[in-house]
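Chemist: Mind having a look at this structure? Questions to follow.
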Amino acid sequence: MSQEKASGRALPGLVKKTSGGRLPWRLEYDPSRIRTPWWTPFISVALALLLCAVFIYANGMNPVTVYLKMFKGAFGTSFGITETLVKAIPLLLCGLGIAVAYRISVWNIGAEGQLTVGAMAATAVTIYFPNLPGFWSILLMLIFGVAAGAFWGLLTAIPKTHFGVNELITSLMLNYVALLALDYVVFGPWKDPKGFNMPGSPMFTAAQSLPVLGSTRLHIGLILALVAVVIYYLMIRFTRWGYELRLIGANPTAARYAGIHISRHIIIVMLISGGLAGLAGMAEVSGVSHKLMQGISPGYGYTAIIVAWLAKLNPLGLVVTSVLFGGLIVGGFSVQTIGLPSSISEMLQGAILFFLIAGDMVARFRIRRGA
Amino acid sequence: MDFVTQLLIAAITAGTPLLLATLGGILNERAGIIQLGAEGLMLMGAVSTCIVFIRTENLGLALLASVGVTALLGLVHAFLSITLRANQTMSGLAMTLFGSGFSAYLGKSISGNPLPGKLPRLHLDFLNPIPVIGPIFGNLDVLTWLSFALVIVLHLLIHRTSFGLHLRAVGDSPATADVMGVHVRLIRYGYVTVGAMLIGLAGADMVLTVAPTWNEGLTAGRGWIAVGLVIFARWNPVRALLCAYFFGALDSLGFRMQLLGSAIPPYFLKMIPYIVTILVLMYLGYRNRNKPSGTPESLGVPYVREQRF
């Protein structure tokens, strides 16, 4: 705490003052260090693993065994790797949507709900138009999924722009609404009559399912997600729209004076954000589960927040972190075989985010030698 | 008992955790720190209460555990947002993610086990002859009475004492407060910690009254509703009481309609509190569009001594 006094009272370089009066070095806050070093994410992940290791050890397990088990489960076998990639697809799509919104400081945490309504809309196509030929069926599901997710995003954007409601609260409340709506359709009108009374829609036909790679579960959504990443990069980097987003992100007041319509940008950004999450939901039902059921998303929407933040909104970083977190989810499932709950991966995610935001700020302090 | 009295009792029971969490949020935000970790803090408070209560069968220790654990987490949030000046939104989100994961991890072994007891109730038999007040206030538990007391204490503290003046000054204009000799960082640390403890107590109250057993994610967004209620109540403890009970009533109304065999599917009834939260916030935003909202002026802005904006 004393470093603040040191930087506050004494101008750096002019008056020499030690923090405690005895140490041969002092910490100094340097607000000009806005770019954080590239290695902070790695340190954050390491420290988070260390912290959780303490909890695992306290629970009577060997943390090394647990982490090795998680790692092997996620990356050790070809099955593990494809599963990790399968999980990385929705993370990448949702993370991309979240990253677009975060560019202009719109904190969308509603990707979970947007994904859910996207999955529901795609399933609606299979229920109400059951006999469409393959291509048209998939295309219609895609359009419905994206439109539903975008609509859910709009429900967050309009209260923010026109009524000044904090988007964090709206988007989160809408997550619960979407999950309850999902419960309603899978237990009610869309329940499979031949499903032995299990909640869930009827299985999709081959025409309603995304093509997969060989005999694995890895589906074509991966290519969709990668294409989306490339488009994101090009749009942000080379278009006027991307320039305006960067300008709003850097200085909203200056952007407003420059005549940029911020509310309109918030709406556009939330439509894109929701649409991408809706696409992720469509890809999940059509490519992975092949039917609508409870728990189609094990918290992808929330994990994607960390994915976007860890990647620092960088497109290549998004690809890397979504694969990493896909692995974390698969690893979380694989430790269940040795009697640990899969929530261990959720705990790790929270810890990583803690250390990450702390690390970003700690990196702005520098150590000065001498008294 | 008639329907209205029953609904009022249910509103108070379901509203008390919301009230405690909202009061905690008000203390945080009055001091200028956004606390979005309420959901995670409530879960951590709930799970530590359950674990300690089942292991020791001592209610006092259980409540102490919930308050202690959340105080530690509150200190983490305070350290990140006050000392490191980190993004308070992100810190709160991290708290919620970590809290929901860690509470599920901790609670795995006791999931579904019934708690060995309930909160003691104060039986005020002399109130019984009075028609509506008797059945409602004659039989409330201690945490509810504590929440009543807290509303009064916090109202007086914030609006009538010099401590409250310091608190408001720190939230509205920390630089001015600092010049006047108020220890900004100390006050912020204090209120963030105490606020987190109240939110933890809300989680404890939830397991001890509403659902007397631990289930993963049992708060189901109540923490976020409390975050909305802080705005709804316009950072005022007395309004917080009314708002929390209004939402408690909505919550239990859905449940009651289900019991009465309503034709509306229960899923839609459960959506009511979430949708109403959004609509109410939209209405407030519309009504106050040209007025100051009552938000602490420096909410979410890290204070750096001698920094110009």
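Yeah, the Cβs are placed from backbone N, Cα and C, and that goes for glycine too.
No curator has checked TrEMBL annotations; they are predicted automatically.
Just so it is clear, the model here is predicted, and its values are computed rather than measured.
Per TrEMBL, the feature transmembrane segment maps to A:38-58, A:78-102, A:109-129, A:135-156, A:168-187, A:218-236, A:266-286, A:292-311, A:316-335, A:347-367.
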Chemist: Which residues of the chain, 6 or more past the ends of the transmembrane segment (A:135-156), have a CB below 8 A from one of its CBs?
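Modeler: Those are 108, 110, 113-115, 117-122, 124-126, 129, 167, 170-171, 174, 178, 207-208, 210, 267, 270-283, 286, in sequence order.
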Chemist: Residues of the same chain, at least six outside the transmembrane segment (A:218-236), with any C-beta under 8 angstroms of its C-beta?
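Modeler: Same-chain contacts beyond the flanks: 82, 85-86, 88-89, 92-93, 96, 99-100, 103, 210-212, 242, 245-246, 276, 279-280, 283, 286-288, 315, 318-319.
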Chemist: Would the transmembrane segment (A:347-367) count as touching the transmembrane segment (A:109-129), if touching means at least three Cβ pairs under 8 Å and pairs must be 6 or more apart in sequence?
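Modeler: By the criterion, they do not touch.
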